[in-house]
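Visitor: Pasting a structure below so you can have a look.
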Amino acid sequence: MMQQDTIIALATPSGVGAISVIRLSGDKSIEIVDTFFKSIKKGKSLKTQKTHTIHLGHITNNDIIVDEVLVSVFKNPNSYTGENVVEISCHGSSFIQQEIIQLFLQNGCRMADNGEFTMRAFLNGKMDLSQAEAVADVIASNSEASHKMAIQQMRGGITNELKELRAQLLDFAALIELELDFSGEDVEFADRTKFKELVAKITFVLKRLIDSFAFGNAMKNGIPVAIIGEPNVGKSTLLNTLLNEEKAIVSDIAGTTRDAIEDELIIDGVAFRFIDTAGIRETKDVVENIGIKKAYEKAENAQLIIFLIDSNKFSYSSEDFLQEIKTIKERFPNKRLLVIANKIDTLSCHDSSILQSEIENLILLSAKNKTGIEELKAELTSLVNIGALSNNETIVTNSRHFEALNNALMAITSVQEGIDLEISTDLFSIDIRECLRHLGNITGEYDVDKDILGHIFGNFCIGK
Ligand SMILES: Nc1nc2c(c(=O)[nH]1)N(C=O)[C@@H](CNc1ccc(C(=O)N[C@@H](CCC(=O)O)C(=O)O)cc1)CN2
Ligand SMILES: Nc1nc2c(ncn2[C@@H]2O[C@H](COP(=O)(O)OP(=O)(O)OP(=O)(O)O)[C@@H](O)[C@H]2O)c(=O)[nH]1
Ligand SMILES: [Mg+2]
């Protein structure tokens, strides 16, 4: 499916830089650039150059030199898009970038849409859809973990995981459908034992991939960590200390924070999204109550909860202190909870050692004096199991893939039920086809809906 137009876009960020790259793709890209390119070697034409070669010369317009440039030539089908591609590396002035792009727009090119280079790479079979999607993730990755997952995906992670199983299922689908053609004659082409094994294997792999999504999604977008506790315990101070920035207002007035305030911090290659919330207490203030409700919601949706208590509370009453921890644990029975005693600087050494010894797994820190912060960070990273990442297991991070995997699992479960109930083959052959369709959706194997492509590539930047 060859695209007709030759497209052009700035591949590097707009604005001034040392060098900028302008990229063209399409049938006519080489000859269009050739018209305005004067090689330093007299009479050298780009059209006769080999693929993957670089040429020094000038881009000229009506004999006026626009810039001295390096031009790279990639020839169909040996390029990123699979089409003829030309890249012009010019000096990174905004004026030069615009002059060159305008020149080619007036001479047979059109502006590329968002992600159109990568969409063409997909349409020309250079990569499958899940790999093309991963290109956007690679560009967006901002931590070691998100980068690792995106690169793995771009290299075909999920595709490789499913390719073989899908091919085997396809074979069975064909055999079973063949049986249907001979339905009167009671023949069995498909080996039932092998088929059952395959269905079990597919179910197993799908479940593992589906299970990886919660982790993968959190790692990609930053693991949400809600900071909650009573007013004035130092939640906003902790947020600011972690971020090393005066992000939230701090004051000794109880009820300072109303709205949830959040920002991302990368610790040991993992992105965490810390969410400071309104202090939880009984109040008649309408706005404050909205904030408190929100605090509970944030905690509910977070992956981890940091529960902050003022250490001084322990000095007044260790029972109240313990009761508060108990209450919050009961409120969030299914959450990872980190209990932190703050303002440890105001406690005597004696009191803090009692505190430490009496309560298990308590982290003591001073958000204000920045002590105990490294211990907290170490605790946070230890709670995140990045073992899966280092084992190079495929981790699903894309919600479109997650949905397709769930649909495929539903279909294969129906197949399994069909086998168990020994219903006639023609009934579950539909479910096999359904499963194949959903698996094919991930890689874009079947005719992909134009809207879906538009949606996927519309989120890319221009020039990618
Ligand atoms: N200058 C530049 N840098 C870039 C890209 C690009 O398009 N241009 N890329 C864009 O994202 C990435 C690299 N990806 C690329 C993937 C394939 C091919 C390519 O030419 N493939 C051919 C030939 C392979 C060969 O024979 O060496 C092919 O697949 O047939 C180029 C870049 C990152 N860096
Ligand atoms: N001594 C001491 N004071 C602290 C510490 N952390 C915070 N504070 C002080 O405690 C007061 C309340 O701090 P905030 O960070 O605004 O408390 P908060 O939990 O966000 O309060 P609300 O937003 O009202 O729920 C401020 O005066 C801080 O300076 C600490 O570690 N030691
Ligand atoms: Mg606050």
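Numbering starts at 1 and runs along the chain as displayed.
Glycine is no exception: its Cβ is also placed from the backbone N, Cα and C atoms.
Per TrEMBL, the features are:
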- R23, E87, K126, K464: (6S)-5-formyl-5,6,7,8-tetrahydrofolate binding site (BINDING)
- 222-385: domain 'TrmE-type G' (DOMAIN)
- N232, S251, I253, T256: K(+) binding site (BINDING)
- 232-237, 251-257, 276-279: GTP binding site (BINDING)
- S236, T257: Mg(2+) binding site (BINDING)
Visitor: Between the binding-site residues N232, S251, T256, T257, whose Cβ has more other Cβ atoms within 10 Å than any of the rest?
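Guide: Checking each of N232, S251, T256, T257, the winner is T257.
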Visitor: May I ask which of the binding-site residues R23, K235, A254, K464 have a CB within less than 6 Å of any atom of ligand 2, listed in sequence order?
Guide: K235, A254
Visitor: Comparing the binding-site residues I253, A254, A278, which residue's C-beta has the most other C-beta atoms within 10 angstroms in this structure?
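Guide: Of the binding-site residues I253, A254, A278, the most buried by Cβ count within 10 Å is A278.
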Visitor: For the binding-site residues listed here, K126, K235, K464, which shows the highest count of neighbouring CB atoms within 10 A?
Guide: K235
Visitor: In sequence order, which residues at least six apart in the same chain have a CB under 8 Å from the CB of S236 (Mg(2+) binding site)?
Guide: A248, I249, V250, T256, T257, I261, D276
Visitor: Enumerate same-chain residues with a sequence separation of six or more from R23 ((6S)-5-formyl-5,6,7,8-tetrahydrofolate binding site) and a Cβ-Cβ distance below 8 A; give 'none' if the list is empty.
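Guide: The list for R23 ((6S)-5-formyl-5,6,7,8-tetrahydrofolate binding site) reads I8, A9, L10, A11, V85, V86, E87, I88, F117, G463, given in order along the sequence.
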Visitor: What whole-number Å value do you get for the CA-CA distance of A278 (GTP binding site) and K464 ((6S)-5-formyl-5,6,7,8-tetrahydrofolate binding site)?
Guide: 41
Visitor: Spatially, and counting Cα to Cα, which of the binding-site residues is closest to K126 ((6S)-5-formyl-5,6,7,8-tetrahydrofolate binding site)? Options: N232, K235, I253, A254.
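Guide: Among N232, K235, I253, A254, K235.
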Visitor: Taking a cut-off of under 6 Å between Cβ and any atom of ligand 3, tell me which of the binding-site residues K126, I253, A254, T256 pass.
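Guide: From K126, I253, A254, T256, counting a Cβ under 6 Å from ligand 3 as near, the near ones are T256.
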Visitor: Around the K(+) site formed by N232, S251, I253, T256, list the extra residues of the same chain whose Cβ is within 8 Å of the site's Cβ centroid.
Guide: P231, V250, D252, A254, G255, T257
Visitor: For E87 ((6S)-5-formyl-5,6,7,8-tetrahydrofolate binding site), list the number of other Cβ atoms lying within 10 Å of its Cβ atom.
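Guide: There are 21 such Cβ atoms around E87 ((6S)-5-formyl-5,6,7,8-tetrahydrofolate binding site).
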Visitor: Could you give the Cα-Cα distance between N232 (K(+) binding site) and K464 ((6S)-5-formyl-5,6,7,8-tetrahydrofolate binding site), in whole Å?
Guide: 48
Visitor: Could you pull the average pLDDT for the domain 'TrmE-type G' (222-385)?
Guide: 93
Visitor: Between the two most separated Cα atoms in R23, E87, K126, K464, the residues recorded as binding (6S)-5-formyl-5,6,7,8-tetrahydrofolate, what distance in Å do you get?
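Guide: Pairwise Cα check on R23, E87, K126, K464 gives a maximum of 18 Å.
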Visitor: Can you tell me the CA-to-CA distance separating K464 ((6S)-5-formyl-5,6,7,8-tetrahydrofolate binding site) and K235 (GTP binding site), as a whole number of Å?
Guide: 41
